[in-house]
Amino acid sequence: MWSFYTFILLIFGFVSVLDAKSSSGNSVLVILDPARQPDYSIFFNGLKEKGYDLTFRAPKDEAPVLIEDDIPSFAHVILFAPDSKHFGKDVTPQALVQLLSSQTNLLIALGQKQNLVTSLAPEFSLILPPPGSSLVSYFPERKEPPTVVPIDVPSSSKILSSSSSPVWFSGVPFALGNNPLVFPILSAPAEGFAADSEGSTADALFDAADKGGEGLWAGSQLAVAAGFQALGGARATWVGGVELFSDEFAKKEISKGVKSGNQQAAADLAAWTFQESLVLRIDSTTHHLVGTSVPKEHYTTNDVVEYVAQISRFNPSKDKWEPYSGLDDLQLEFTMLDPHIRTALPPVPGSPGKYAVTFRVPDRHGVFKFVVDYKRKGWTHLQSSTTVPVVPPRHDGYPRFLSAAWPYYAGAISTSLGFFLFSAIYLAGDPREGNLRGLRAKSTKAQ
Amino acid sequence: MSTAYPLPTNLSTTTVTNTASLLRIVALGLISAAAIASRLFAVINFESIIHEFDPWFNYRATRVLASQGFYEFWNWFDPTAWYPLGRVVGGTVYPGLMATSGVIYNFLHAFHLPVDIRNICVLLAPGFSALTAWATYMFTKEMKDESAGLLAAAFIGIVPGYISRSVAGSYDNEAIAIFLLMFTFYCWIKALKTGSALFGTLAAVFYFYMVAAWGGYAFITNMIPVHALTLMLMGRFSSRLYVAYCSWYAIGTLSSMQVPFVGFQPVRTSEHMGALGVFGLLQIVAFAQLARSHLSSKQFQNLLTVSVVAMGVVGTFGFIALTYMGWIAPWTGRFYSLWDTGYAKKYIPIIASVSEHQPTAWPSFFMDLQLLIFLFPAGVILCFRELRDEHVFVIIYSVVASYFAGVMVRLMLTLTPVVCVSSAVAFSSLIDTYLDPTQPEGEEESEADSSNGTNTAATPSKKEKAKKPAASTSALNDIVTAATSQSSSKSKSKGIWGLDTRLIVIVNAIGMLSFFVFHCTWVTANAYSSPSVVLASTNPDGSQHIIDDFREAYYWLRQNTPQDAVVMSWWDYGYQIAGMADRPTLVDNNTWNNSKSHIATVGKAMSSSEEVAYPILRKHDVDYVLVIFGGLLGYSGDDINKFLWMVRIAQGVWPDEIQEPNYFTPQGEYRVDDRASSAMKNSLMYKMSYYRFAELFGGNNAMDRVRQQTMPKVGPTLDYLDEAFTSENWIVRIYQVRKEDLLGRDLKSANAFAQGKKKKKSKPVSRRKAIPV
């Protein structure tokens, strides 16, 4: 019986090893002091079980390099060296940004000391408190020191499993700039603030805010974990303290008998960072006249056009892209300099992953673009732009006869008829008639 | 009768006539050959290439026409021009030129002559110049006689004023328009002289062709009515005038409205109202003539006074009312700039920025017309001597065209034909007088001088001379005196005495003609045969050095950028980029477009700082920016020299953001060196032109050879653009617009970060105030 369970577990383990992986690759480089590697065994083992391929490198090592011949060597990089002063010479802030631009995801932990990581953070619109600060909170009352803070997982979080219990955190909180690409994953508690030492109080904080002009480092506007969705598609996650991932915090109980949510939160953070969760893509877009199915090279003004987009979402448990109809706020723009039409692009009921809208092309010729630009915090950005010229009607595409033009038609017809009648009478008329004498004289003259 | 030199007497009149007409045909043939040949300098010195700017569009359009047929051309919407507005080419183009080439192309291909469309386009202008010579011959023949016609044909064949627009490769509307202009005028004169509805209709047909070919058709639209009106005012109304004008106007106007680009303009715009008014006036006058023949003179006088006043009042008020109600479009800016040369600079800088819209400099009259400019007034005065209806036409034409040629350089082209015609009239009168062998009474016999015709150089004047003695060798009553009948019959007591007098004048005249030929050849070869796409310079050893930067850069774009990469440049280069690089452009030479704000947008982007320009570039999907920089080579037609126009045009739309004085130094100088104003130094155009320019001089002082100014040692830096390509002589520089930063930073700080600079520490945006407890 026991062996049967083991067998089942093994099977499950196997399946998960085979299937559960990221949408962008499995190789992970972990930059971490080897001495501290065992401290995070639960987190790393979890990753390994999911099928990731971990490579460890001490901060000061030179190999394996991050980028070789301009091609990143790994799909994901974990930087758990908040206290290292020196790094291998290929690990620079510029190199890390270059990694992001070549679709490598970053999971970065901040520390209290000034180093490479703290100088990189401002580029991501993270605003760090003065060096040496850490998050301090005296609530709720507990036996742990005030710098070890339990933080509730927000129930609305898409990234973290909302059902998990509070997460232990110890480290640096940071404020977020107004960059729309960065968003908090885990906010600091409302009672928390950043302070130099354990003993400092709120009064000291106010004094500092007043005197040094450092600003107010307090409250839930501060974040302890933030996600950054780079424009190229890569993701970066910043965590204020590396202890969040540690075995110690994972095993530490929140209250009697309630396990902390750290293990789950760490796994969720990694899953989002490594593009397992909330990953979308546009498989295809097409456009055609209503009633036909072939896209036209150009449309005529006032044509009625249907635009169709096919959208998939990555399913990490099956390692498969699946059609996804869950987006209800997708929009389509028909743009020339400015959007001439902006309309909802709703999912088509009955066909999974298909979003379609029908609209009338504006009465304006020019080079238009079908633009889908879907940027939501946490989700992959969806961007698609299809250029199509809108042309005026062809020379024979206008209405041929206009009822408004009847006066002109009547004029032309009556003139033609009159000319015809005149010619006929003039030519065939009898010159012997007395009252046509003048005419006769003329016609004889003409002869 | 005594003659100055012996004449053969045994020739029959028929022989003389036949020989004369044969010689005329030969002469015309040779004139055509000379006209075509002198236009081939460009092909021989460079290659068979389309010139300048506008011809590149015409060429591109012709290719579409030749490959896809007329209907596709008519419906052609060009999505690559004026990106993203696009251009409805069929409705915004005078299709006559392209249609002509297309017909020639299809004609040749129907005979299985696989001529490349490019060669047809390149050689179309020289071919039509031969036709122009013929049309001018026909026109002048109506003015005086065949010999004047031949002279005029020879003049127009080689005169630089016309060659400037019709060398091989100059594939522009003017290439065929001058032929059409002259032929329409010929038909009009013929119709007027004979009162023939057929010639009136022919004039209308060629007028239609002209309308389809060139925007300058408005010249005909107003010349003929002015002529008709003048004739009426001179009391020369006749049924011939009535028939000629009415048939021309009715058919011409209706057919001109078939051109999509013209549409309803002939009945809606002020430029065409003159023709309509004269048409109406003719009807009234004709009716008045009819009434006069049926009424007593007293009644007629009353009727005339009343009706003239009533018509005048009604007509004027009607015109004003219609203009105010918007039925008749007011005069366009280009029209105003014809009367007030400062108008364009004040109100429409785009028009003023075109160099060919500038007033003509005096030397260019001599340059373009040489000898003819002196003969021209003489010819006009000779027209006054006879003052038949057609002479009135030439007089009006000379006055009007002289004025316009003084106002706008490009209108020199319309002046040239009438200069040729009236000079030919003057010159042939001179020759007639001095070659006329009739001696005044009592003149002794002088020795024969048959060498007159053979001692001249191989020039058109030779052909003229060769014909002249032949014509005058006999039967002078028939030919010579036919033209100068009055003078020869009266020259019994007054006249030219002796051969020596004759010789002095004739030899002088021939000398002038030969100098004219040399001048024309020299000007054609040196001034008007440069394609301007390819530049030529001379090496120290005298050999030619070709500077091919433009094509180098355009082919780089063609080969190295995606098909849909949008290129921004100043509008001068739009057609060339479209034609040679085949890439979408933001603005091009089609500046009549209603999207003037689009040009202003480009002007603003060029004259703003990088931070301001970048959103504009991104909004218009610009991938590459192209600038022309002549500072290294001393090419003065570069963008920095045109820069003030960009500023002015942008200022017209955004007076708050762009101000011209900011681009000058406080002393009011236009400088690019250390003392340049900060707006100048920060402008995108300045930065793109001088980016890394100083490095080229390796620490020495960088020298801008166009402005003759020493550039600062440290050149400008670029954060939002990357240098993509710089041509061999740095004339064309292409920059790639960077994409938005990956991390959402502005590119300036992203660039600073990439270069390892530390970012300034920022503070959290505090949404709550700290309230001490």
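Glycine residues also receive a Cβ, built from the backbone N, Cα and C atoms like all the rest.
On a predicted model such as this, the values are computed, not experimentally measured, just so you know.
Pulled from TrEMBL:
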- B:21-44: transmembrane segment (TRANSMEM)
- B:23-422: domain 'Oligosaccharyl transferase STT3 N-terminal' (DOMAIN)
- B:88-108: transmembrane segment (TRANSMEM)
- B:120-140: transmembrane segment (TRANSMEM)
- B:146-163: transmembrane segment (TRANSMEM)
- B:175-191: transmembrane segment (TRANSMEM)
- B:197-220: transmembrane segment (TRANSMEM)
- B:241-261: transmembrane segment (TRANSMEM)
- B:273-291: transmembrane segment (TRANSMEM)
- B:303-329: transmembrane segment (TRANSMEM)
- B:365-384: transmembrane segment (TRANSMEM)
- B:391-409: transmembrane segment (TRANSMEM)
- B:437-470: region 'Disordered' (REGION)
- B:503-525: transmembrane segment (TRANSMEM)
- B:564-615: domain 'STT3/PglB/AglB core' (DOMAIN)
- B:754-773: region 'Disordered' (REGION)
- B:756-773: compositional bias 'Basic residues' (COMPBIAS)
Summary of DSSP states over the domain 'STT3/PglB/AglB core' (B:564-615), given as helix, strand and coil counts: 29 helix, 4 strand, 19 coil
CB contact flag for the transmembrane segment (B:88-108) and the transmembrane segment (B:21-44), at least three pairs under 8 A: no
Segment-level pLDDT (mean, integer) for the domain 'STT3/PglB/AglB core' (B:564-615): 86
Criterion met for the transmembrane segment (B:120-140) and the transmembrane segment (B:175-191) (at least three Cβ pairs under 8 Å): yes
Ranked first among B:146-163, B:175-191, B:197-220, B:241-261, B:391-409 for CB pairs under 8 angstroms with the transmembrane segment (B:503-525): B:146-163
Residues of the parent chain within Cβ reach of the transmembrane segment (B:197-220), under 8 Å, 6 or more residues beyond its termini: 94-97, 99-100, 173-174, 176-177, 180-181, 183-185, 187-188, 190-191, 243-252, 255-256, 258-259, 262, 271-272, 414
Residues from the same chain, set at least six apart from the ends of the transmembrane segment (B:146-163), whose C-beta lies under 8 A from its own: 20, 24, 27-28, 31-32, 34-35, 38-39, 129-130, 132-134, 136-140, 178, 182, 367-370, 372, 412-413, 415-417, 419-421, 423-425, 427-429, 431-432, 460-461, 463-464, 467-468, 471, 483, 517, 519-521, 523-524, 527-528
